[in-house]
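Written below as structure tokens is the structure these notes are about.
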Amino acid sequence: MEFLVKSVRPETLKTATLVLAVGEGRKLGASAKAVDDATGGAIGAVLKRGDLAGKVGQTLLLQNLPNLKAERVLLVGAGKERELGDRQYRKLASAVLSTLKGLAGADAVLALGDLAVKGRDAHAKARLLVETLADGLYVFDRYKSQKAEPLKLKKLTLLADKADSAAVEQGSKEAQAIANGMALTRDLGNLPPNVCHPTFLGEQAKALAKEFKGLKVEVHDEQKLRELGMGSFLAVAQGSEQPPRLIVLQYNGAKKDQAPHVLVGKGITFDTGGISLKPGLGMDEMKFDMCGAASVFGTFRAVLELQLPINLVGLLACAENMPSGGATRPGDIVTTMSGQTVEILNTDAEGRLVLCDALTYAERFKPQSVVDIATLTGACIVALGSNTSGLMGNNEALVRQLLKAGEFADDRAWQLPLFDEYQEQLDSPFADIANIGGPKAGTITAGCFLSRFAKKYHWAHLDIAGTAWISGGKDKGATGRPVPLLTQYLLERAK
């Protein structure tokens, strides 16, 4: 889809569809009023008949209005004045896209710039709008013999006042990069586990480096992990015929001596639970257990497209967790790259076992910050549901930066505590630490486990178990989150 920004009067534009907003009580904004005047009050007459109440997301398509070059006018409800928030604005945008998809027109003009969205300026409104539209165009039909019908719509133009046009252009540019990153994240997450395994992800990293010349990639194999002393990482993979991979992505968009930010992604390409086997019902969704790594891929793609002046490292800890005669047993003790020993009480708490070695590996980059992203605990879904990611960290300023980025990106997280009292739940009589802390506060104790391997830098942990994918039903699939949050965090660091 091509997105353009223009500063012209809406009633003068030749287009297949002109989109205008109407508030409750027949409220017309400046753009809708100008078009109404040009048509001799045709829009007002339709509204007077009561065909559109103006509630958020309601639509009404008008054909062949007089004195317009637009073939159609699509009216969309914007709700009550001064009550339009992010959620309602997204609903409005989705309703517009849904209608446009069903039309024969190849282009549309969106005259929505005069809509007031609470707490959002022209840049933020444009970004939210374009991101919603672009993400709404996503289709995954790679394995369907009956493909989706090609979309006739090819171009969307946003109208903006001349004073706002630069801000709208920038918002649109950022949104397109984020949406492209989300699409990559969703593609990787939606792929079946017989295709998307650790070796495949290594190949995808190299493919991304061919597409964007600023990206450097290293793929560490099983032998290299053994040389590095990553006993915990290797323990997760030893039950599978698929070999593990530690994928290292590096992008240097700033001065060489500037310390990088590091993103660490959990990449369990399929999680059976290992010997601590999961229930069979819903196990197919454990292909999404690599969505942390997929979100690092997607964030890198967004950063590379935007060419941000920042140094960034990605560490993707990729393995498959399977039961077999060679699999790790409950009670096994392994030595991590840090030298700490771990008693593995539950082989289904494997994400932290690959992440802990990746977090130790991150030390060599002397980073400004490290953020790990993982579908780590079902307890996070119990605590926060599927709307909000869990967030913990050892540096309050970093946590606040991530919370702020999530609020701006409408990809929110919520902070959970890492009090010392929780650490006691991880005590082991046989090793330095146990990999689970009992039934209580499971998300927090998982964060506590990781914190023991992140003491040499500012670190935060995002638990995306509830937000990385939609479970069951017709909308089942990866969401692309938290690419918007992470990209916004890096945009702010790049200023």
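Numbering starts at 1 and runs along the chain as displayed.
From the backbone N, Cα and C atoms, a Cβ is placed for every residue, glycine too.
Database features (Swiss-Prot):
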- K266, D271, D289, E350: Mn(2+) 2 binding site (BINDING)
- D271, D348, E350: Mn(2+) 1 binding site (BINDING)
- K278: active site (ACT_SITE)
- R352: active site (ACT_SITE)
If we check Cα distances from D348 (Mn(2+) 1 binding site), which of the binding-site residues K266, D271, D289 wins as closest?
D271
From the centroid of the CB atoms of D271, D348, E350, the recorded Mn(2+) 1 site, which same-chain residues not already listed sit within 8 A by their CB, in sequence order?
V236, I268, T272, G273, G274, S276, K278, M286, D289, N321, T347, A349, G351
Using the recorded Mn(2+) 2 site (K266, D271, D289, E350) as reference, state which further residues of the same chain have their Cβ within 8 Å of the centre of those residues' Cβ atoms, listed in sequence order.
V236, G267, I268, M286, M290, A319, N321, G351, V354, A374, T375
Helix, strand or coil for D289 (Mn(2+) 2 binding site)? Use DSSP.
helix
Which Cβ among the binding-site residues (D271, D289, D348, E350) has the fewest C-beta neighbours inside 10 Å?
D348
K266 (Mn(2+) 2 binding site) versus R352 (active site) - Cα distance in angstrom:
8
How big is the Cα-to-Cα gap, in Å, between E350 (Mn(2+) 2 binding site) and K278 (active site)?
12
The rounded CA-CA distance in Å from D289 (Mn(2+) 2 binding site) to K278 (active site) is 13
Between K278 (active site) and K266 (Mn(2+) 2 binding site): CA-CA distance (Å)
18
Who sits close to K278 (active site): which same-chain residues at least 6 apart have their Cβ under 8 Å from its Cβ?
D271, T272, M286, D348
Within 10 A of the CB of R352 (active site), the number of other CB atoms across every chain shown is 28
